[in-house]
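K.L.:
I'd like to ask you about the structure that follows.
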Amino acid sequence: MQVTSKVAVLFITVQYNVTISANEGLSEESVVNHFHHGLKDLATIFFYMLVAIIIHAIIQEYVLDKINRKMHFSKTKHSKFNESGQLSVFYLFSFGWGTSILMSENFLSNPVSLWDGYPHTLMPFQMKFYFISQMGYWLHALPELYFQKTKKEDIPRQLVYIALYLVHIAGAYILNLNRLALVLLVLHCFVELLFHVSRLVYFSNERRQTGFTIWAVLFVLGRLLTLSLSVLTVGFGLSNADQQGLDLVNGNFNVLLVRIAVLATICVTQAFMMWKFINFQLRRWREQAQPQALKPKKLQAPKTKSKKDKANGVNGVSSNGADSPRAKKEKSS
């Protein structure tokens, strides 16, 4: 409708378009569209939060609920299966989309670009839409706590989980650390995808636990790579950058206090994740060791009497307490 089209564009399309002309040859020029962030992005994030709720409901209704009816899971497994099913789809989508952006922008082949030319206020369309989709998805997880009828004891864990994602993604988006955040998100999504797929396989057959072992190794390596890239980019790259100082207009946050706050946030988060990981592994080992400890020891069967002893009685005494004929003959001799 023409009346509401101007308002609808604010919600649906990506805002803050900047057109840049690039000289490809001596006479040819190409127009490249880039985007920066602003307050209007809140409306776009809200719209795609609603889209995420609809997609969540479709996956739940037409995929996960049908599998649940066939498998007949318990209430605990039912909720965990739904959680892993939804997150597996999201992490697979995020990992594939993020990897394609990294390949197209050549961030992996040129790691210096993670901090070179900071502040990175301009983003290609795919990168900006990627971050808007990420924030929209994790915001949609808040009303999903009500829609999915999450247990009261599980709500604090879910809120911490959601808050960590929103703080890190929104923080990197506002501070123009989108290149570093994109690399770390792709790495994190791959590790989390492996965990939730292994969890789904485990629910179908509890003997299949190889995926958890592979995930445990990659989880530790992922934390080390995250810390290494963060220290390399923020601690060394930005500290030696040409543009230093706080400039809100130009989006430059390259000051010592901000760098320390970013590194401290990342380090505390990685330490928290490692602590949760160690507790998870210890609980898993206890669960595996408990059935072995509860196995009853085999009792030795009592020795059965031979037929000859039963007939003659034990030690020359018959079953009715009287001497057997053989014992009488021995006594008389």
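Note that Cβ sites are derived from N, Cα and C of the backbone, with glycine treated the same way.
Automated prediction, rather than curation, is the source of TrEMBL annotations.
Worth saying up front: this structure is predicted, and the values here are computed from it rather than measured.
Heads up, here are the entries from TrEMBL:
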COMPBIAS  295-308  compositional bias 'Basic residues'
DOMAIN    79-288  domain 'TLC'
REGION    290-333  region 'Disordered'
TRANSMEM  45-64  transmembrane segment
TRANSMEM  85-109  transmembrane segment
TRANSMEM  129-147  transmembrane segment
TRANSMEM  159-175  transmembrane segment
TRANSMEM  181-202  transmembrane segment
TRANSMEM  214-236  transmembrane segment
TRANSMEM  256-278  transmembrane segment
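Just tell me what is around each of these and how deep it sits.
P.N.:
A Cβ distance under 8 Å defines the sequence-distant neighbours of the transmembrane segment (181-202), meaning residues of its chain 6+ beyond its ends; these are 80-81, 84-85, 87-88, 91-92, 94-95, 98-99, 101-102, 107-108, 114, 127, 130-131, 134, 168-169, 172-173, 208-212, 214-215, 218-219, 222, 225-226, 229-230.
Among residues of the same chain six or more beyond the transmembrane segment (214-236), those with a C-beta under 8 A of the stretch's C-beta atoms are 111, 114-115, 177, 180, 183-184, 187-188, 190-191, 194-195, 198, 259, 262-263, 266-267, 270, 273-274, 277, 281.
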K.L.:
Given a Cβ distance threshold of under 8 angstroms, which distant residues of the chain, six or more beyond its ends, lie next to the transmembrane segment (85-109)?
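P.N.:
Non-local partners: 56, 59-60, 63-64, 67, 124, 126-127, 130, 134, 137, 179, 182-183, 185-186, 189-190, 192-193, 196-197, 200.
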K.L.:
Could you tell me the mean pLDDT over the domain 'TLC' (79-288), as a whole number?
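P.N.:
Reported value for the domain 'TLC' (79-288) is a mean pLDDT of 93.
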